[in-house]
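As given in Swiss-Prot:
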BINDING   36, 56, 59, 60  heme binding site
SIGNAL    1-35  signal peptide
TRANSMEM  286-306  transmembrane segment
């Protein structure tokens, strides 16, 4: 009987531990991952606003460079590479949601013309597969196959992200034409400053919500601070909460102004966007060009041969 109770107790403890661990993982992952390009899906039907601004900039407030490389022209129903480059100093460390320092992750959103989409695995060459590695791309929406997102992924390994893209064929898709098309890209490195719900992360500056005298700074047991500010005009106490991982710039007894920074800026990342152009080329036009160039070359050859023949005739006449 006692053995049965012991086994039952052990089973309950294991179940409880697994449940708690799972909850901690979900909460931590949500905190760390929020505000990456893939999470814009939750709040925006289209990642590119009418102004041309990509919505990831709403959460990643610092402006950083991003670049995209695509071929100038592609043929219908062919696979090509779109390489997104997200450069940054690999030595940098960012503040994580738990307040510790860690490596930067990166993410990207690629907005292709209608009809262009992620290439199916059986169409991707071994060379491109090697560049992709273990990356897993997703459509922004099930009905928007031309918009792809990736991230967060380790920045030290994937500061260059290769998207395998399948070009459409106007012969089978009447909505596609042989034209020049724009491609838009957005890329970030590091965590955002604002979560999708509008709240601040611990990767940004915290400012004073009122002016006055700092009467008390309480260091919280799990990290972070509670700063008590006494409003000089009415004596009202205001408590500003500072999350863990941030460095204070103020001290007790100090007089501060409204919106004065209470912490240093921990953000070392940022977001950038760019664009490129690609031409969907008609194979018949290419064949026509090749035929024209071949004709020119043949004409030049015949002209040279004719000239040599004429020179021989002239030379023979002079000998007579």
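Just so it is clear, glycine is given a Cβ too, placed from its N, Cα and C backbone atoms.
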Cβ neighbours of residue 56 (heme binding site) where a neighbour is any other Cβ within 10 Å: 28
Local Cβ density at residue 60 (heme binding site) - other Cβ atoms counted within 10 Å: 28
For residue 59 (heme binding site), the number of other Cβ atoms found within 10 Å of its own Cβ: 23
